[in-house]
Structures are given as structure tokens and as C-alpha cells.
Amino acid sequence: RCVEAFYIYFHAGRVEDPYVSITKKWQVPKDGYSEEIEKEVGQAERKLCTHRSAFSRASVIQAFLGSAPQLTLQLYISVMQQEVTAARSTFMILSLLSIVYGALRCNILAIKIKYDDYDIRVKPAAYLCIFLWRSFEIATRVTVLVLFSSVLRIWVFPVVLVNFFAFFFFPWVLFWLSKSPFPENIEKEFSRVGTTIVLCLLTFLYAGINMFCWSAVQVELSDPDLISKSQNWYRMAVYYVMRLFENAFLLMMWYLYKTDIYLYICTPLLFLKLLLSYCMAVFFMLVFYQFCHPCKKLFSSTITEALLFCSKFLCFICKSPKSSVLTDKAAVKSPENTDETRSSSKTIDSQKGNPHQSVSSNA
């Protein structure tokens with residue numbers, strides 16, 4: 001693909017394309033108006049777009065199935081040996097950049113799939129927000145897993161397996177609940193067994209991505225494109241809340257069972273720094289979806305509205321038991337209060353009826 005892409009690129013424009021197709025895209029609405037754009041696409045440009053999309057998918061696969069385990073292993077070796085060599089630090093930085101680049105390409109790929117009918121232009125501010133969001137999120141996740149595995153080596157395997165199989169079977173459970181027919185239009189040459197293998201590999205990659213960060217591309221096996229094109233804010237909110245609690249729990253276990261290799265490290269400060277880094281990742285994610293997303297004007301509801309709805313729902317849940325307790329207390333206290341008011345009113349009436357008796361008693 002690389003050789004063919006370079007060959008097509010350097011020979012483009014020398015020979016006229018025999019086949020030219022016209023594509024129609026809509027502009028992202030500006031001031032409530034959207035225009036349809038027609039563009040001629042030649043055969044060479046179409047092939048380059050195909051290669052570009054293939055490179056994007058390959059970078060995602062390489063990042064989360066190659067660089068992510070490599071970064072985790074190298075960081076674990078550095079922690080156990082209590083030293084970081086120049087060569088190892090270089091490879092760790094390259095692995096982290098590879099993962100962040102794969103996550104960035106995954107975000108852009110998700111945007112292009114969901115809004116395929118629109119002419120999308122991603123601004124530099126959006127790239128910067130995605131880069132900072134993914135950098136903080138992935139670095140924090142890898143560090144938490146390494147610290148936990150350095151003190152509880154056996155227990156890290158159940159944690160990893162539970163995470164992996166939960167995300168692996170989640171699309172299959174949704175597909176089973178939807179009662180949709182088995183997808184047959186992936187490739188005409190594939191048999192039912194071959195289609196099943198392809199879908200398993202797709203969910204395998206989906207689980208590998210969600211092990212380290214939020215997958216912007218949501219797998220939906222009941223959809224003909226196998227990708228969910230709806231923006232589910234609530235699923236994202238649940239993911240980040242659960243991941244935050246999981247990271248805090250793993251860090252707490254590391255803090256309680258830390259060994260002698262952490263004597264020269266301020267462990268409470270490291271604990272707070274890692275939680276703060278994950279919160280920074282969430283902050284840059286909110287900034288991206290609220291201000292820098294190229295298709296934010298097409299959202300049916302913004303992420304701030306979803307967060308406000310979730311906060312109101314949680315406040316309602318928290319207030320409902322308190323309000324019931326207050327009403328019960330009020331119901332219990334009401335008879336006593338009526339008796340007290342009756343007795344006080346009787347004393348006032350008696351004092352009004354016998355003024356001389358009240359004066360003598362005062363004397």
C-alpha cells in the first residue's frame with residue numbers, strides 16, 4: 001500500500017483520469033444554513049483515500065495491540081529495576097506517542113463515519129484538545145496498571161481479564177438483545193464462519209482499545225456498517241465514572257500494599273497526581289466536545305446538557321429518601337405539636353379569664 005500510494009501521488013496529474021465521479025457533501029451548518037457541495041473525484045484520488053483510510057485503521061491496530069502492551073511492559077521493568085535508561089525512556093516516549101496518535105486517528109475516524117454526508121474540516125485546536133485528552137488518559141491508565149501490578153502481581157490478571165472480556169462481550173450482548181439477523185453483508189466471499197471470525201477480531205480490537213481509553217468508535221453488530229452513528233453521552237459518562245472509581249481503587253490497593261521500592265517516593269502526592277491527571281483528561285474531553293468538535297452544531301444535545309441532566313437525576317435520587325424521612329418526622333411530630341398548642345391556648349385563656357389570680361400569682 002505504501003509503494004502504491006507514493007507511486008499514485010507522484011504520477012498524479014500527468015495522465016488524465018479516464019473515470020471521474022461526482023461526490024456530494026453538505027457543509028456543516030453556519031447560522032442555520034447548509035449548502036451542498038459537489039466535487040469531482042478522480043480514480044487516483046479515490047485510491048489515495050482508500051489507502052489513507054487503511055493506514056488510519058492500521059495505526060489504531062498497531063497502537064493498541066502493539067505499542068500499549070510494550071509501554072506497559074517497559075514501565076513495569078523500569079519500576080521494578082528502579083532506573084530508567086536513555087534507550088528505554090526513548091522507546092517509552094515513542095510508544096506513548098504511537099498510542100496517542102492511534103487514539104487520535106480513532107476519534108477522527110469516528111467523526112468521519114458518523115457524519116459521512118458532511119464536508120468535515122478539523123481545526124488545529126481540535127487536534128490539540130484530542131492530543132492532550134488522550135495523553136493524560138492513556139498515561140494515567142498505564143501508570144495505574146503498572147503500580148498495581150508491581151505490588152499485587154497475581155491480582156492484576158483478574159482485573160485485566162474482567163475488563164477485557166466485559167468489553168469483548170458487550171457488543172455481542174447488545175446484538176443478542178436486539179434480536180437482529182446475523183450480518184451477512186460484510187464481504188460477499190465470506191462464509192458464516194469467516195464473518196464470525198471477522199466480527200470476533202473487530203470486538204477484540206474494540207476491547208483492546210477500551211482497556212486503555214474510551215473508544216470513540218462504538219461497535220454495533222446490528223448496524224449494517226457495524227458502527228454506531230449515534231452520540232451516546234450517557235454511555236461515555238458511565239465509562240469515565242466507572243474508570244475513575246476503578247483507578248482510585250487500584251491506587252488505593254497499591255498504597256496499602258506498597259513495598260520497599262517506593263520508600264523514596266512521596267506516595268500520597270503520586271496518588272493525587274494520578275487522579276488529577278485523569279480529571280485533566282476528562283476536562284480536555286469536555287472542552288473538545290463543547291467547543292472544538294467540527295460537527296458540534298449537528299448535536300441533538302450537547303455534553304453539558306447531558307451532564308446537567310445526570311446531575312439533576314443524581315440530586316433527585318439523593319433528595320428523595322431525605323424528603324421521605326422529613327415527611328415521616330413531620331407526621332410523627334404533628335400530634336405532639338397540636339397537643340402543645342392546645343395546652344398553651346388553654347393557659348392563655350385561663351390567664352385572660354382570671355386577671356386577679358394572675359396578678360396575685362405574680363406578686
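Don't overthink the numbers, they just go from 1 along the chain as shown.
Glycine is treated like the rest: Cβ placed from N, Cα and C.
Per TrEMBL, the features are as follows:
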- 85-104: transmembrane segment (TRANSMEM)
- 154-177: transmembrane segment (TRANSMEM)
- 197-217: transmembrane segment (TRANSMEM)
- 237-257: transmembrane segment (TRANSMEM)
- 269-291: transmembrane segment (TRANSMEM)
- 324-363: region 'Disordered' (REGION)
- 344-363: compositional bias 'Polar residues' (COMPBIAS)
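Against the transmembrane segment (85-104), stretch 197-217 shows more Cβ pairs under 8 Å than any other of 154-177, 197-217, 237-257. For the transmembrane segment (237-257), the residues of the chain that approach it from at least six positions outside its boundaries are 140-141, 144-145, 147-148, 150-152, 155, 159, 210, 214, 267-268, 271, 274-275, 278-279, 282, 285, 306-307, 310, judged by C-beta separation under 8 angstroms.
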